[in-house]
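Pulled from Swiss-Prot, these are the features on record:
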type	residues	note
BINDING	11, 13, 45	divalent metal cation binding site
BINDING	11-13, 37-38, 59-61, 64-68, 103-109, 145	4-CDP-2-C-methyl-D-erythritol 2-phosphate binding site
SITE	37	site 'Transition state stabilizer'
SITE	136	site 'Transition state stabilizer'
């Protein structure tokens with residue numbers, strides 16, 4: 001019997017001077033970047049959590065600790081590729097992804113197609129099965145004041161063969 005599972009991921013990072021802004025593996029020209037142990041790619045971190053959660057494999061912190069020097073300043077696309085391998089090892093493939101980025105600035109719309117292309121490549125899936133939306137916080141809260149950026153991701157995974165997937 002085919003198994004399907006859903007996953008949900010959330011991440012938030014503070015904006016800080018002196019950092020590159022990388023979201024969805026795309027470097028976005030901006031005066032600030034996201035603060036974190038890795039490249040702080042808020043979208044890809046939420047994606048990793050959604051995929052790991054769907055497969056009952058824990059979360060990003062379990063697999064890629066922010067105290068582990070191996071992950072200092074790592075390109076989060078490498079983390080997505082590692083999560084993809086973990087899913088494959090348990091018999092799952094990604095069916096679709098729906099994501100929302102919440103940022104007061106900069107505008108994300110010009111960069112969304114690049115984000116989708118990166119995720120499709122890293123997860124070996126059709127770009128047409130990935131949707132990314134961008135919203136503002138309507139100037140409310142820390143995100144609305146431009147202090148940080150949030151990403152939320154939901155995903156659907158299914159076992160890729162006729163047998164039972166082993167979580």
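Just so you know, the numbers here start at 1 and follow the chain as drawn.
Positions of Cβ are set from backbone N, Cα and C atoms, glycine also.
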Helix, strand or coil at residue 37 (4-CDP-2-C-methyl-D-erythritol 2-phosphate binding site), per DSSP?
coil
Taking the centre of the Cβ atoms of 11, 13, 45 as the divalent metal cation site, the remaining residues of that chain with Cβ inside 8 Å are 12, 34, 36, 40, 41, 42, 43, 44, 46, 151
What DSSP gives for residue 11 (divalent metal cation binding site), in three states, is strand
Using C-alpha positions only, work out which of the binding-site residues 37, 60, 68, 105, 108 is nearest to residue 11 (divalent metal cation binding site).
60
List the residues of the same chain that sit at least 6 positions away from residue 37 (4-CDP-2-C-methyl-D-erythritol 2-phosphate binding site) in sequence and have their Cβ under 8 Å from its Cβ, in sequence order, or write 'none'.
66, 67, 71, 72, 73
Out of 13, 45, which has the highest number of nearby Cβ atoms, where nearby means within 10 Å of its Cβ, if these are the binding-site residues?
45
Expressed to the nearest Å, what is the distance separating residue 60 (4-CDP-2-C-methyl-D-erythritol 2-phosphate binding site) and residue 13 (divalent metal cation binding site) at their Cα atoms?
14
Under DSSP, is residue 105 (4-CDP-2-C-methyl-D-erythritol 2-phosphate binding site) part of a helix or a strand, or is it coil?
coil
Of all the binding-site residues given, 60, 105, 108, which residue's CB has the most CB neighbours within 10 A?
60
Excluding its own, the Cβ atoms lying within 10 Å of the Cβ of residue 11 (divalent metal cation binding site) add up to 23
